[in-house]
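**Q** This structure is in structure tokens; I'll ask about it shortly.
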């Protein structure tokens, strides 16, 4: 792997904005040096959300979103560089994930689609950009996700300790770092996505701060069991999912079967859905000594409390304790994956994605010679 400074750019299924991180990366070291967050303008967020939920969209609108996101990513990167007092010449490459608008790994012809024009990112920043990370893995029969477990293994793996890394973003996913066993990782189900959507409808705020609203409600057992009966939760790995499946339509389908539930009780039940669907998968894999949590859901005290209660004997802690910011974990991972791509090294783990082989991920968008 070519040592240098890399920038990772991530906008996840929560659709809150763009996380950008600067890291010094070498073979054995990932050292975060700066970070920046640029929120999505509300109108842009709503347009992306409409596409992600399968609402009809014209090619003109899709192309416009692709271009606008590319420009927004470039703006976030330049703001990060200004904060760090660095120039484009100081950066080896950018790893830009893009915004997933559809992910369908189980169809007859599996595909995934991310937007955010990397040509614009490279042109506007003057920095070589690596993007389109997921489709090469899919071309070899994989799910195209999750890709972050390879990074988790590199930076959080332990020779003797059973560890599981849990990322609670819009979707929750786990990386199983078990000594002597090939790494596995997959999406467990909803993370913050349904919680945020339901909270927005009733409180018009982006998220339920620390789970305070959920704490005022009571879990509706009938609704919880109805949702947990969804076949996704019992499906074997490898598996991945997204907003195209676990969305407001999915929630209302289940609410129609259990009517007249108070809004705060729905929120409390969604917290329990997230926590139980995670805990069940931890237990299914034999448990662990440490559950290392990152992502926005790590700030939800209700989720963290329920995880600790559901997993007695497991230390539930934040990845920040190990020097890796939970807010920036995925952006760091794509900076690391960009470094691997630039060095012609594979970035996927077939034991995680189900691909038939390891492969170099992504496409490189070189900048013009200086």
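Residue numbering: from 1, along the chain as shown.
Note that Cβ sites are derived from N, Cα and C of the backbone, with glycine treated the same way.
From a predicted model like this one, the values you see are computed outputs, not experimental measurements.
Reproduced below are the annotations present in Swiss-Prot:
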BINDING   12, 13, 14, 15, 16, 17, 18, 19  ATP binding site
**Q** Cβ within 8 Å of the ATP site centroid (12, 13, 14, 15, 16, 17, 18, 19 excluded): which residues?
**A** 10, 11, 40, 169, 170
**Q** Just going by other Cβ atoms within 10 Å, which of the binding-site residues 12, 17 has the emptiest spot?
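**A** Sparsest of the binding-site residues 12, 17 by Cβ contacts within 10 Å: 17.
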**Q** Pick from 16, 19: which of these binding-site residues has the biggest number of other Cβ atoms within 10 Å of its Cβ?
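**A** Answer returned by the neighbour count: 19.
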**Q** Which residues, sitting 6 or more apart from residue 18 (ATP binding site) on the same chain, put a CB under 8 Å from its CB?
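**A** Sequence-distant Cβ neighbours: 9, 10, 11, 37, 38, 40, 72, 73, 76.
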**Q** For residue 18 (ATP binding site), which of the three DSSP-derived states applies: helix, strand, or coil?
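**A** Residue 18 (ATP binding site) sits in a strand per DSSP.
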**Q** What kind of secondary structure is residue 12 (ATP binding site) part of, going by DSSP in three states?
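**A** Coil, per DSSP.
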